[in-house]
């Protein structure tokens, strides 16, 4: 018996104590050592006895017994014969489960190339032999010979010979040389490789070569050769002579009812290989003719290819049902593959799912669980209780009792469930709040009851949603569920730090109704002793809920010592607000409750409560608010009736006026005063404005009503119209929706996104006519199609983000860096988009913040800025703070807590072990489904942005112009001639108040440094056309303006004026293609006039569609328009918005026509032009001049002789993040990506903290390219993890060697995920085959640092509660290593076990051999 216990213990304790996994190529000997015997026959099982055939694919002698402890012939049965090998059938008596891990092998009659190393690009075999893939394939598939040993002939090694050439050579030289065909030839070449010699040659070549492409090629090959050298892999192992056979239980053969069998496709593929192999052996024994043998060898190669990766080469082999067979490669890749289906997405026991419904009477930490479900989920617990109480004698009896549902069982269930948390999950789980823990309350019925306040976190509604229930079993699991996942511990959103437990819909409406004021309501002016008395008056009908009254209120306020002190005052309020005050916790001020509470105000209230009083009080408050809200929503009786949609009286007048304006524009168009594009734009502007006016009239009408007050005078008050109240409170609906119900529907879009110029003037209350209805259907259908696309795209974005950031964990408290990023308030136009306090809240200060204008330290370095500090920042009006950021954090693998700052979901400095990468990915991905797919929101956003034509300042101050170049026209006004000018308004302290972009050709009334008053208009321009401004006075001379070739002349019939329109290059005849229409300015003598302070002639090239109204030879003054270019339809070009834009930014994609940035700082000049390009030269103060060719059609922002700084914009366009990183550095690129991503989310009203985006940027920047390697282990031009270079440089600094030089590189998230150090993580993401091939050849080691790798090998993740476990292991390992270092360093390699993965304990290394 003792033996048995020992044996079972030994069985369960497999050696999973490893810290590294290594992957490599398997040598033939290795494969034979795993194997338990050779598979010689293609047979599987005997059709009569169903026993496995001997030496077949399911042979019991090779793979182990079919029944536990029983040999095949039945001679030995039972446990006592354990380990005996039966002499009759040769089967070892042991457990059946060995059939899951015992492998076999096939001895191949001729070598076969492994398709992964051949066809997975770049071909590893091709790279190492330095032969093109086509040639290698010709050799492998027996079309050509390859010379393996040239001997004394004039053939070369690796040369290909056709059949004829081979025969000729044989006649000529006899057996002086050797040439082979098929995999043997390739194997021979690989075996003869002298890796060291090759490496040396490559290094020499690298020194000598100058061409960039050659360098790249050599570096690639050198890296591969070095990888082979270091990993101990041999190149000839890429060609197999032995094929491993998978254990039979991993490719099962299952009998179905009806005598048929279901089999794994692998068995078919193996059968093919064995059949062909056996046939080839026979042919070789018979010495068959060459051509037959060759054909058989080729077929063998093809069948092995199909087994390893079906469909990689040629047509995929199909089964009986015409569908391709699933090969070994297909088993592991893709969504259904081993990685994603079984290792990362396992099914869970003790779980159930059901429909959810509302539980308005629950507490926040509770959920209603149907009794039936609970009984099933908690079965084992009930059995054990029944048994331990002696109610049931055995487990079987207990089971019977539970099945009969005896009354005692329910009592025990209630006891078991008490304080045992359960997890609820709603798919899709887009962020961590999609799984939360609750205490179950047993209920009748079959639906799970959910607390209404957590619906926002789960994104749940009750229209048939289902949720899954999971039971945490172990004590640790229950503890984590209670301490970390309980719904009461997740009040704040991890994305923004705002409360996510906020009331919505009914509750908001109830509270809003309850806290509204009404003029002259019953009971107005009464006085009450306390809120209870006020409530009594309301309940007895003495006073209305909305009556303005005076109530004595007792507030509890904190004094200096931080104790709560009661203060009682008589305050003006309403009865409803006084009643609501009764649920307020001590320590909250009354002013928060004494207002009309909309959704935003309630959110603020809960936030305030959380910051002031902590978690417990806030949770109780949230619950109370919910109960009160529901009660008063029911009392309010708010409902929607058709008469609530009041149509404004002015509507018809507004529409008539708009129609008249449109008719006028149409007249102008007919008489040729405006172009078609301008007409279209103006029409759309007119209708957009009309729509706004109707909406405004309607909202004024709806939102206020006139009533008679107590004095008998009329007074305006907010309306009690139900529709208005719902929208105003934020319960449901919005102004935009009310506009469609009671205003006019407005402009609609065609399916391609362009705007139809006839708007829908009707609204839903009036009803649409057929045409209007038809136009509406476009939008509705597009909306549905978009939603479907959006969900998939958003999910994929989230997956890529999680993958790139998954291994980022807080690993230390402080990395000690002084670096950081500079934060200023975000100002766009006249509004502050985001105040400084909101941007720095929860960050750690990187440098002391000084009081403005003094040397006094206001906030010391390394302070975490909380709400109190924010008030200080506001009070002292600080406008720039340097904060620490994850992008500049110095921690090697991970981030430090100080650089990350506050844990947004908890409100304190983040803890070590927090998986910030995953949280960041979820926070960015989760709102993804709310972002539009459409290029932009139709009508609203597009036309409003395009209509601006002047700048009116909102604050007094001083004007500052940046990047401005201008001329002064004859009226003395300033006309801008620069393209990206910014106009800033600065107050007396030098703080930026407003910030505007001013277009080219704008007329400014104020110069740089001038004072402005509030409301002054400082700039104006024509929004529909862009002028070409003359910078000198003179006479116009046409150049290359040829009627009918480059321009067309248009004459206006009414006015007789003629204008010239330049044709697009694409539309011109061939003769006009190379002509460049331009206007030159000349003096009286006909000489070119130079642009002031340069030696460049004033000539202006005209782009296509430009319109010139001046004649040749006309006189012109400075600052006048020479021509105008119509701005095409309202900014529909290239506004990628919403989700695609975010994806583009994170993928770091290069835009189509990127901005051209200055590569160095210096003076601009123009060199010799070529046909289609001009030469731009930048000459620095010292050093080499830099030149580049720029296409002539690009508009330049710089003039001859101008000074530019490195990274300045030379030609407009979308900026490329790669350029920004190269020219302006890491901070600039971080700013760019963070601001651009935030721009998209802000437009949708989604709040995400900057630091989440910074976390992703850090991961995008984690690679560097080596620019100067010196004598380090790196190669020049190699891509390496930044942390590895930093570690190497620290070591070099200690040794006094020069530091390795490198440049940071920006990778898109997909690329960055695939370029991660961990091959397991990369393989489970995308392109599994390629990643594994690359890793195997290089003999990569996976240090198991990230989360994914650890989930895949089945361990606790190194984050959260698993963080400490991993740290302790590392500590132990270090202690052991130090102890070992004192002993003699003898290390013996144990023989590897017969498993796919061989593991080694001596230095805790695990090797995964990848052959099949």
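Including glycine, each Cβ sits where the backbone N, Cα and C put it.
Swiss-Prot lists 71, 73, 86, 89 with the feature Zn(2+) 1 binding site. Sequence annotations record features per position, and here Swiss-Prot assigns Mg(2+) binding site to 461, 463, 465 based on sequence analysis. Positions annotated as Zn(2+) 2 binding site by Swiss-Prot, on the basis of sequence analysis: 815, 889, 896, 899.
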Worksheet item: Given the binding-site residues 71, 815, 896, 899, and counting only Cβ atoms in the protein chains shown, which has the most within 10 Å of its Cβ?
Response: 899
Worksheet item: Here the binding-site residues are 73, 86, 89, 889; which one has the lowest number of other Cβ atoms no more than 10 Å from its Cβ?
Response: 73
Response to the item:
Students should find that the Cα atoms of residue 89 (Zn(2+) 1 binding site) and residue 899 (Zn(2+) 2 binding site) sit apart, in Å rounded to an integer, by 68
Item to complete: Between the Cα atoms of residue 889 (Zn(2+) 2 binding site) and residue 71 (Zn(2+) 1 binding site), find the distance and write it as a whole number of Å.
Response: 63
Worksheet, complete the sentence: CA pair residue 463 (Mg(2+) binding site) / residue 896 (Zn(2+) 2 binding site), Å rounded to integer, equals 44
Discussion item. Sequence gap of 6 or more, Cβ distance under 8 Å: name the residues on the same chain that satisfy this around residue 465 (Mg(2+) binding site), in order along the sequence.
Written reply: 355, 356, 426
Item to complete: Starting from the Cβ centroid of 71, 73, 86, 89, the recorded Zn(2+) 1 site, name every other residue in that chain with its Cβ within 8 Å, sequence order please.
Response: 72, 74, 75, 76, 87, 88, 90, 91
Worksheet item: What three-state class does DSSP give residue 896 (Zn(2+) 2 binding site)?
Response: strand
Fill in: Spatially closest candidate among 71, 73, 86, 461, the listed binding-site residues, to residue 896 (Zn(2+) 2 binding site) (Cα to Cα)
461
Practice prompt. Note the Cβ centroid of 461, 463, 465, the recorded Mg(2+) site, then list each other residue of that chain whose Cβ lies within 8 Å of it, in sequence.
Written response: 356, 460, 462, 464
Worksheet item: Across all chains shown, how many C-beta atoms besides its own are within 10 angstroms of the C-beta of residue 463 (Mg(2+) binding site)?
Response: 5
Worksheet item: Given residue 71 (Zn(2+) 1 binding site) and residue 461 (Mg(2+) binding site), what distance in Å do their CA atoms have, once rounded to a whole number?
Response: 59
Discussion item. Please identify, among the binding-site residues 73, 86, 899, the one with the smallest Cα-Cα distance to residue 461 (Mg(2+) binding site).
Written reply: 899
Worksheet item: Relative to the Cβ position of residue 461 (Mg(2+) binding site), how many further Cβ atoms are located within 10 Å?
Response: 11
